[in-house]
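Engineer: Relevant sequence annotations retrieved from TrEMBL are reproduced here:
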type: TRANSMEM; residues: 6-28; note: transmembrane segment
type: TRANSMEM; residues: 40-57; note: transmembrane segment
type: TRANSMEM; residues: 63-83; note: transmembrane segment
type: TRANSMEM; residues: 90-111; note: transmembrane segment
type: TRANSMEM; residues: 131-152; note: transmembrane segment
type: TRANSMEM; residues: 173-195; note: transmembrane segment
type: TRANSMEM; residues: 207-226; note: transmembrane segment
Amino acid sequence: MDKLSFISFMSISFPEQIIVFILGTLFIGKKSILKSLVNIVKVVFISLLMSALNYIIRKYLNYELEITIFSMLLFTLLLIFVLKYRFYEAISLSVFGFLLILIIEIPMSLLLKNLLEITSPADLYNNYSKLVPWVFSVRFMQIITIILLYKFDIKVFDMENSNIKKKEFYIQIAVYLISILSLAFLTIIMAKVLIFNDNISESSNNLLRMNICITLFITATLTVAVRDTYSYYKNKNVLNNNELIQNIDLIYDMITQKNYREAKEALQNLKSHINKN
């Protein structure tokens, strides 16, 4: 994409930035943010700024992975400072938004490579008869994915209703996100070799395709593990809250019955329990 003019680059990058945000937002369960006009304006601003910054970054960084990592860091910071996302929310949105884009683009790109007879990045980005169908096909699938996520409320988190404060939860989620991101970068490398390199042998081609499928399967498994980890800690938190309410009701009954000594002991036990958890 570094061969494109600024206008052409923005026309591709700007919609993609918005789609990354929407996909990530729906997938982490914060879709109510899309119902605010003020937030939508902020999202448009972030997307425009990110697209312009990506254009500049590509002038100074040569490798796609460097560009992707740097862009994700900038995107995460903008989410934190402009939209006031919490750190783990911004990181999760960036990772899962990027992951969903990847899951859509790689199969579509491999399919379109043969249909459009794409031989190299220059052949794609300098030939609008190939670039336009490629962009519209990928965008169509991305929009379909957004509709499915929204309609069926598919999500890995429910961050709008989350109040988990366990340090262990965030450590586990961080490990999962790093693993998912590492596999995503590995998939990008293999996909680019498949799409833009016609000099590899048939056996290497098949091996790369198989490795991409395995990597995507492991990534999907890790994503399910993230959801299960979240559900476990959320349910555990609900149980702790219910237990706390029951103890408060019990202490209230003791005070009503003027059993102050038992109430004092119960309060001390409750305090110890809260400090431990």
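Glycine residues also receive a Cβ, built from the backbone N, Cα and C atoms like all the rest.
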Engineer: Among 6-28, 40-57, 90-111, 131-152, 173-195, which stretch has the most Cβ pairs under 8 Å to the transmembrane segment (63-83)?
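Structural biologist: Answer, by Cβ pair count: 40-57.
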Engineer: Can you say which of 6-28, 90-111, 131-152 has the most Cβ pairs under 8 Å with the transmembrane segment (173-195)?
Structural biologist: 90-111
